[in-house]
Amino acid sequence: MESHGSSFSGLDSYFRALAQTPARLARRACSVSTSHEEMSQVKARSGSVMQRTLRWYDLVGFGIGGMVGAGVFVITGHASRLRAGPSVIISYAIAGLCALLSSFCYTEFAVDMPVAGGAFSYLREFAAFLTGANLLMDYVMSNAAVARGFTAYLGSAIGISTSKWRLVIHGLPDGFNEIDTFAVLVVLAITLIICYSTRESSLVNMLLTILHILFIGFVILMGFWKGDWKNFTQPANPNNPSGFFPFGAPGVFNGAAMVYLSYIGYDAVSTLAEEVHNPVKDIPIGVSGSVIIVTILYCLMAASMSMLLPYDMIDADAPFSAAFRGESDGWQWVSNVIGMGASFGILTSLLVAMLGQARYLCVIGRSNVVPAWFAKVHPKTSTPVNASAFLGIFTAAIALFTDLNVLLNLVSIGTLFVFYMVANALVYRRYVAIGTTNPWPTLSFLCSFSFTSVLFTLIWHFMADGKGKAFMLGACAVIAIAIIQLLHCIVPQARKPEFWGVPLMPWIPCASIFLNIFLLGSLDGPSYVRFVFFSALAVLVYVLYSVHASFDAQGGGSIGQKNGEITRESDHGEDHDSFKV
């Protein structure tokens, strides 16, 4: 049996390990720790423990701070002007309901397995590494864009041009030639805060979130005060569609697909599960409560904007600021106030995202698929300092010179892919117990339902409007419902959650699966190119390094569980099951 780290003790050892790659992939790629393993041996690899200091109100604050970024000031205008009109209010309500259903999947896992890392801890090793790598890249790139956006919003609020914040280097190519030192300082300052203490990070987030909500409340009140009720039904141009639903039901759902992106951020709360005082009580309240509060705020913001201007006069890129900028009688100052409020939103979303990305990397380090140095928790601060500092410096370096042109709250394909994977993992976990139930009926259901959802999405986006399209969409919906009902009636649940579980199984996780596939279909081509590129890079790293490091960490074998018994597998065992959920 090879000793720990033997695959990398020399070139000869490494080449021998590469020759054994197929066997090691077969053994490690589908392994995953049980809840007991994650809470004991895997967690112990960080050395010191993360202190459980967070309560439900801290999680609500983190959830609101992570979701309500500055991008909501932009995406509301796009959805109203281009997709739904005044009925964008209904779009936000529908998207909020869908986000709540999706958050239930995260909540069940986080309550049953309250460890850092969120989705990475819920998936099998290869799938976890693939999704985790994409998610980390999404976090880093988005956070760098958000940090640069902060300087733009703050400059607009105080009347200073962005060009005065940034130094132009003419020798560098366009898109990489504007040095933003202020964005770097913001990222490094937040890195110091999250390294120092999670509790203090929560206090800072709570303060900034309260200030941001006050600004949002001000915008809502100004909209209702200055607005006109007739704008809900009458466009400025009589030739444009009128009424509360100018684009009909398809417009409402198209708008819901767009504004759903404004709810991304609650997933970061699940990465803090290891630091929650009472996970069984606090996590469901924190995650669900934040989604509900944000839904109410978004609906009120959408109503306020719809009252300010007819939908066909809304500036898609800056709906609130532009509405007041065009006002006379000295109302232009409201535009500056909106810019200041958006700045606070950027800081809260950046703080929550950087907390989440550090905990993702920490738990990835615990699994040994990246160097275990990233898993270390500092004994004095009880935070993953190594992971936080590394990702903070990496993010700051990108924010320094790269103009990423990423909208502040637009999610990339990686995050939606993770949501899709978690929903599938929840269904599999409920209906399959390794060693006692046949997994193929559940796997067949998941594949069939995903295929039907993909077909529905392709028809929705690419087929011409008409009776044929309506018939095809209806047929896909009937088939999907029949597939779900078939699973519900034929395949019994293999396990029930001990503390908190998603109700109405399997309908709620299936709704999440469908929603995320539908949203994946609305993304542009470059998003898929980026996803394929980083996925291929992640697979290469996994094959050349991670699977061997993981294999070595398990002493040349793996730990498996069958029928509730934990067994140690030898290096030459033929039949084996790694720890599986």
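Here the Cβ of each residue, glycine as well, is placed from N, Cα and C on the backbone.
Curation plays no part in TrEMBL annotations; they are all automatic predictions.
Positions annotated as transmembrane segment by TrEMBL: 88-109 (among others).
Residues or ranges marked as transmembrane segment by TrEMBL: 149-167 (among others).
What TrEMBL records for 179-196 (among others) is transmembrane segment.
Per TrEMBL, the feature transmembrane segment maps to 203-225 (among others). Within the same chain, residues 58, 61-62, 64-65, 68, 193, 297, 300-301, 303-305, 307-308, 320, 324, 334, 337-338, 340-342, 344-345, 347-348, 351-352 sit at least 6 positions outside the transmembrane segment (203-225) and bring their C-beta atoms closer than 8 Å to a C-beta of that stretch.
As annotated by TrEMBL, transmembrane segment applies to 245-266 (among others).
Feature annotation from TrEMBL assigns transmembrane segment to 287-311 (among others). Within the chain, the transmembrane segment (287-311) has long-range Cβ neighbours (under 8 A, six or more residues past its boundaries) at 56, 59-64, 67-68, 72, 76-77, 80-81, 85-86, 88-89, 91-93, 95-97, 99-100, 103-104, 106-107, 110, 213, 216, 219-224, 226-229, 231-232, 234-236, 246, 259, 262-263, 266, 269-270, 319-320, 323.
Within its own chain, the transmembrane segment (331-356) has Cβ neighbours under 8 Å at 62, 64-70, 72-73, 118, 139, 142-143, 146-147, 149-150, 153-154, 156-159, 186-187, 190-191, 193-194, 198, 201, 204-205, 208-209, 211-212, 214-216, 218-219, 222, 226, 265, 267-269, 271-272, 320-322, 324-325, 388, 391-392, 395, 408-409, counting only residues six or more beyond its boundaries. Annotation source TrEMBL lists transmembrane segment at 331-356 (among others).
Feature annotation from TrEMBL assigns transmembrane segment to 383-401 (among others).
The annotation transmembrane segment is assigned in TrEMBL to 407-428 (among others).
As annotated by TrEMBL, transmembrane segment applies to 440-464 (among others). Tertiary neighbourhood of the transmembrane segment (440-464): same-chain residues 424, 427-428, 431-432, 472-473, 476-477, 479-480, 483-484, 486-487, 490-491, 510, 513-514, 517-518, 520-522, selected by CB-CB distance under 8 Å and a gap of 6+ residues from either end.
Summarising the annotation, TrEMBL assigns transmembrane segment to 470-487 (among others).
Residues annotated as domain 'Cationic amino acid transporter C-terminal' in TrEMBL: 500-550.
Annotated transmembrane segment per TrEMBL: 527-545 (among others), in sequence order.
Per TrEMBL, the feature region 'Disordered' maps to 562-581.
TrEMBL lists 565-581 with the feature compositional bias 'Basic and acidic residues'.
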Distal contacts, the transmembrane segment (88-109) - CB-CB under 8 A, six or more residues away: 76, 79-80, 118-119, 121-122, 252-253, 255-260, 262-263, 266-267, 269-270, 283-284, 287-288, 291-292, 294-295, 298-299, 302-303, 306, 419, 422-423, 425-426, 497, 500-503, 508-509, 511-512, 515-516
Same-chain residue ranges lying at least 6 outside the transmembrane segment (470-487) that approach it to Cβ under 8 Å: 431, 441-442, 445, 448-449, 452-453, 455-456, 459-460, 463, 506-507, 510, 514
Residue distribution over DSSP helix, strand and coil in the domain 'Cationic amino acid transporter C-terminal' (500-550): 40 helix, 0 strand, 11 coil
